[in-house]
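The following features are taken from TrEMBL:
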{"type": "DOMAIN", "residues": "5-78", "note": "domain 'Cation-transporting P-type ATPase N-terminal'"}
{"type": "TRANSMEM", "residues": "53-75", "note": "transmembrane segment"}
{"type": "TRANSMEM", "residues": "81-101", "note": "transmembrane segment"}
{"type": "TRANSMEM", "residues": "246-266", "note": "transmembrane segment"}
{"type": "TRANSMEM", "residues": "272-294", "note": "transmembrane segment"}
{"type": "TRANSMEM", "residues": "679-699", "note": "transmembrane segment"}
{"type": "TRANSMEM", "residues": "705-726", "note": "transmembrane segment"}
{"type": "TRANSMEM", "residues": "747-767", "note": "transmembrane segment"}
{"type": "TRANSMEM", "residues": "773-796", "note": "transmembrane segment"}
{"type": "TRANSMEM", "residues": "817-839", "note": "transmembrane segment"}
{"type": "TRANSMEM", "residues": "851-872", "note": "transmembrane segment"}
Amino acid sequence: MTQKNIWNISVKELMEKYQVTEQGLTTARAEELRLEKGENILQESRRKSIPEVFISQFADLLVVILIIAAAISMFSGNTESTIVILLVLVINAILGTLQHVKAQRSLDSLRQLSSPGAKVIRDGVKREIPSKDIVPGDIVILEAGDMIVADGRILHSYSLQVNESSLTGESANVEKTDAIIEGDVALADRANMVYSGSLVTYGRAEMLVTATGMETELGKIAGLMNAAKERKTPLQESLDKFSSRLAILILIICAVVFCLCIYRRMTLLDSMMFAVALAVAAIPEALSSIVTIVQAFGTQKMAKENAIIKNLKAVESLGCVSVICSDKTGTLTQNKMTVQQIYIEDRLYEPDQLDLLNQTHRYLLYDAVLNNDSSIVDDKGIGDPTEYALLEMFRRIEADTSSILKEANMHEDILRQNMQRLEEVPFDSDRKLMSTKYMLHGVPTILTKGAVDVLLDRCDYVRCSDGIRPMTEAEKDKIRMQNQLFSENGLRVLSFAYKESEENLDIHAEYGYTFLGLISMVDPPREESAAAVAASKRAGIRPVMITGDHKVTAVAIARRIGIYEEGDLALTGAELDAMSDSELEEQIAQISVYARVSPENKIRIVEAWQRRGNIVSMTGDGVNDAPALKKADIGVAMGITGTEVSKDAADMILSDDNFATIIKAVANGRNVYRNIKNAILFLLSGNTAGILAVLYTSLMGLPVPFTPVHLLFINLLTDSLPALAIGMEPADDDLLKEKPRNPREGILTRGFMITMITQGLLIAAASMTAYHIGLTVSSAMASTMAFATLTLARLFHGFNCRGSESIFRLGLTSNRYSLYAFTAGVSLLALVIFIPGLHSVFSVADLPMTALGQIVGLAFMPTVLIQIMKIIRHR
Ligand code: ATP
């Protein structure tokens, strides 16, 4: 039988073919297969190799012109300047390559962090493993929200529906079956097969893996999953646009300077070299790459702090977030559920007080243990924490009364192994119910659990110690009262009901139940939630709780962690549905808690905030949350409890599911933006100084202050390190004291331009003062002094650009990279000035001690003035 016909054979034949039993593969066999078949990964399209990246650094118009200039100067006998130009270009290309590789690595590690996992059965036990370890023959459990990570044949399907749009282009969900499909049908018609890259949108299934890695259908469609093309972020795009506009302006200036040089009878080659070097010195080619590098470092830091950025754009938007809509369970709370009290027949019980010989108690336990997909392996819960809390509760009883349980055939293992599940309708957060059908004591029985307000209305009977009787409204009111009491204490409440019935189980059968009881559980708030909520309020960000839980429970928790304050409103999904869009928009600022919401409600909430001009972050974990995550400016998925579907739709994944991590990510996002802005200020103000100095001497008819080599030296070597160091400035507490940034405001505001030009003017003035002092001796001395002063002043200026505050408040040592960059820059300058052998190469004259003192003093002046201005402004 060929692989092509896997859908034609029976499950039994299939299991034989893959030599696997219902217990799954053994660990040893799986390891063997992994060595034989390789990892379950898709090979990426070929990347540029390091030499290719290095060569691509020369594919810049200005660099090409410089290379031509170097060649011309070699032919005209000026070998020294040829060597210097080439040397500087090579060093620059090495730096560029290193930066590219580093940025690429950090993006790769991020991509790895967000790759999906899978649930397999191995050695008879269900466990979660990284998807790369899946091998042909593995039995994989598929649940709503999972991403399918290999091709396989369905062994058992429980209403499984998948979205195969990544393969077939068909966006509607397709139903899958475990029956044999006859014939050689097309991929879309193989209803008993699922394919890598599809998403489980509904139901549950077990599948046997038939192909992994490049053998999968997805792997065969070459290029489809090839490394996602790196797209530029809006900031990079706007900077690119700015750079190219600026480049045109600078080229015009260069043309003017070129003409002036010719007019002054410089040789054509010298004039050209000068104009080109001026262009290199003035055009900020590094802007866009500074953004890439600072963002790459920022995202790496965020990943260390548990926020995995999937979309670089999110780093920019994080700084503008003004509303954070967060789930309650697991994000604001610990998601460590523990059963508290149980309410049956108007009485409260502790778990160990349940009487196993009492039929009502017994059915409640059947419902809690069998109507449950979680499991506990090595004391670790797998699945939904609400569900394994029920198993833990059962284990507590089991430990106390093990012998009675055995007698009553109520041991967990006996129950779960012996009772065969006939049908099921999985839990979904819209219905807020879960139902399964079992054969109990020879009678087909539907067991259902879910939210009290949903299930109680579907109950017509109640089970008591003396049998089953119709339920009165008064009894329902009592149960509602009890639910209210539990909820006011912040407890999560599940209700349990059943019915004996022959009918097929689907959502239309979830009526006419017999009520069994309520189980309450605690899920304490995370310790850091209250502080994170307070921090977000200080940072001008509105935290909002959105939960599927009961309103009273939600408000109790929201009040405890500070999201809900007196005077705020709490709304249920039903109340939200009754509101018009304009009513919602009007009231939204007062609403801090939404309870019993459906995933569709989330979209309306995001849109209403967005219409009010806010940048909204929304968390989500379920399969139906994907549209809301996409709609939000920053969709945030949960790394631990989140479905693969939600992770796929999100811009950021929290690897610890923690609300506090979002706030940390916001601080980091603000920091990245601030650092980029400061690095740009540093580069542009330094370039402005160079341009102003050259323009000044050109217009005054003075000798050219810098040789091309000087300008290349400054711009390509000494400038790049301080700019990077500014990009590494650590985040500080003050970042969360400011209001969110206006998303419509670019970096290059009027204020920014004024600062840039002022600082550029100060540095140019210092350099020109040094130039005039040198000019009293010779033009060579003037040029050397101007060059040294400009370089040193720009190196000092690196400290000014670290933040808006003075260096005394920032602390000189708080960013050690800026100290390294300064030291490296000064050392390079010292080499050029003090090593006589380099004098002719770099066209510098010998400097007497007084001149050195003057250079240091003048270079330091702009920094002193800028620091004084900062101190005055902050006062
Ligand atoms: P959040 O949206 O903050 O994560 P949540 O986890 O409470 O909150 P849902 O998971 O949508 O939201 O749960 C909504 C309600 O459905 C719960 O209050 C509970 O009554 C019920 N419920 C939750 N989990 C299950 C389950 N596994 N089986 C049956 N009912 C459940």
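Residue numbering: from 1, along the chain as shown.
Each residue, glycine too, has its Cβ placed from N, Cα and C.
The transmembrane segment (747-767) makes contact with the transmembrane segment (851-872), as judged by at least three Cβ pairs under 8 Å among residues 6 or more apart in sequence.
Under the criterion of 3 or more C-beta pairs below 8 Å, with sequence separation of 6 or more, the transmembrane segment (851-872) and the transmembrane segment (246-266) do not qualify as touching, having fewer than 3 such pairs. Taking pairs at least six residues apart, the transmembrane segment (81-101) and the transmembrane segment (246-266) share fewer than three Cβ pairs below 8 Å and do not count as touching. Remote same-chain partners of the transmembrane segment (679-699), defined as residues 6 or more beyond its termini with a Cβ less than 8 Å from a stretch Cβ, comprise 239, 250, 253, 256-257, 260, 278, 281-284, 286-287, 290, 294, 705-706, 711, 714-715, 719, 722-724, 726-727, 747, 752, 755-757, 759-764, 767-768, 771, 786, 790, 793-794, 797-798, 801. Secondary structure of the domain 'Cation-transporting P-type ATPase N-terminal' (5-78) per DSSP (helix as H, G, I; strand as E, B; remaining residues coil): 44 helix, 3 strand, 27 coil. Beyond its flanks by at least six residues, the transmembrane segment (246-266) meets 272, 274-276, 278-279, 282-284, 691, 694-695, 698, 701, 704 of its own chain at Cβ-Cβ distances under 8 Å. Between the transmembrane segment (705-726) and the stretches 272-294, 773-796, 817-839, Cβ pairs under 8 Å are most numerous for 272-294.
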